[in-house]
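What Swiss-Prot annotates here:
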DOMAIN    3-66  domain 'J'
ZN_FING   129-211  zinc finger
REPEAT    142-149  repeat 'CXXCXGXG motif'
BINDING   Cys142, Cys145, Cys199, Cys202  Zn(2+) 1 binding site
REPEAT    159-166  repeat 'CXXCXGXG motif'
BINDING   Cys159, Cys162, Cys185, Cys188  Zn(2+) 2 binding site
REPEAT    185-192  repeat 'CXXCXGXG motif'
REPEAT    199-206  repeat 'CXXCXGXG motif'
REGION    355-381  region 'Disordered'
COMPBIAS  356-365  compositional bias 'Polar residues'
Amino acid sequence: MADYYETLGVERGASDDEIKKAYRKLSRKYHPDIAGPEFEDKFKEVNNAYDVLSNPDKRRMYDSGVDPNNPNAGAGGFSGAGFGDMSDVFSTFFGSAFGGGSQGPVPRTQPGRDALASASIDLKTAVFGGTAHVKINTFSLCQECGGSGAQGGAQPVTCPDCHGQGFMQKVVRTMLGQMMTSAPCERCEGHGTIIQNPCPSCMGHGRVRTTRTVGVTVPAGINDNARLRLANQGEVGEGGGAAGDLYIDIRIKADKQFTRDGDDLHCWIQVPMSWAVLGHDLSIDTFDGEKTVSIPAGCQTEDTVTLKGLGVTNIRNKDERGNLIAHVNVLIPTKLNETERGLIEQFAASHDSGATHVSQASRPQAGQKKGFFSKLKDALS
């Protein structure tokens, strides 16, 4: 007999809340839509365990040594006498009387499955947090019947054929003589109850498939591909059962101006040659509004200027933020009039002293960036 307590990872004396909490955790962990199709059997085991332990009557039966989902798998019957394999053979021919089927009514109310969706946000929302809206298509509670499945909200009535047992017994003639077999009640489909007037909206299922928009609170500092959980926002179960959870995978869209590296943001600014030589204060747009960047005199291409505290919010400490790092690109003029060229040549002559030879030691090494004046000479030569 399967150990349902071990399957859910709880003690035999676990409370209903502990069992439900364990089930929620494991159903999310092994849900085929999340963990992958290879976990489908494990997911079914978890559901079977919860089906028994969440039902007081079934749990009492199980604790007494009889599995409600397989009554003949306990100490009695053929398996108790060492004929487990024969039990399977008999069940093939004669039904659940020989250890094959599940006896007892099947609950109409079943827990809902978890759902998975994705949301795209811009980089600014990732920096400061915000709200994303996701459109999902899932089973929702039928508003017409409130989940009962019956028209007008009426409750199901006891099946007159099986008298609420969910299965029917009959005597059949076999090579071994007359045998008693049992099978799910055809009239109530094993539920033990029938819905006399099914709800026209959900056709007696207590739920309908709908498309709805869900608001998702995005925490500041969230990373790309992070997954958020919204409890009880997944699919409503059969018979209006409790909804599963909704998982949202976050995708951060590329930004035209900034890139992200951990908690730091990076941007690129182009400055005229004169600003790089003399230094200059300029304004740039940031996620915090317009800010001033001070370009130091003698600034080179690929130099950086750091604006502290203007980066991404730290997801673990909302009072901390990374930095905004501005990368400088000095614009070298490619077209000069005679006056401008003359001034540049005078400037170059005063610094280069007419030198035409560069010693080997002063050449840039591999991976070393050229200085501003070297680039200027390259542009004018």
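From the backbone N, Cα and C atoms, a Cβ is placed for every residue, glycine too.
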Checking 142-149, 159-166, 185-192 against the repeat 'CXXCXGXG motif' (199-206) for Cβ pairs under 8 Å, the most are found for 142-149
Whole-number mean pLDDT, the repeat 'CXXCXGXG motif' (159-166), equals 90
Using an 8 Å cut-off from the Cβ centroid of Cys142, Cys145, Cys199, Cys202, can you name the remaining same-chain residues around the Zn(2+) 1 site, in sequence order?
Gln143, Glu144, Gly146, Gly147, Ser148, Gly149, Ala150, Gln151, Pro198, Pro200, Ser201, Met203, Gly204, His205, Gly206, Arg207, Val208
Taking only the binding-site residues Cys142, Cys145, Cys202, which one has a CA atom nearest to the CA atom of Cys185 (Zn(2+) 2 binding site)?
Cys202
Which are the residues of the chain, Cys159, Cys162, Cys185, Cys188 excluded, whose CB is within 8 A of where the CB atoms of the Zn(2+) 2 site average out, their centroid?
Pro105, Pro160, Asp161, His163, Gly164, Gln165, Gly166, Phe167, Met168, Glu186, Arg187, Glu189, Gly190, His191, Gly192, Thr193, Ile194
By CA distance, which of the binding-site residues (Cys159, Cys162, Cys188) lies nearest to Cys142 (Zn(2+) 1 binding site)?
Cys188
Only counting partners 6 or more residues apart, tell me which same-chain residues put their Cβ under 8 Å from the Cβ of Cys188 (Zn(2+) 2 binding site).
Pro105, Cys159, Asp161, Cys162, Gly166, Ile194
Same chain only, sequence gap of 6 or more: which residues have a CB within under 8 Å of the CB of Cys145 (Zn(2+) 1 binding site)?
Gln151, Gly152, Gly153, Cys199, Ser201, Cys202, Gly206
By a simple count, how many Cβ atoms lie within 10 Å of the Cβ of Cys159 (Zn(2+) 2 binding site), its own Cβ left out?
21
What are the DSSP helix, strand and coil residue counts for the repeat 'CXXCXGXG motif' (199-206)?
0 helix, 0 strand, 8 coil
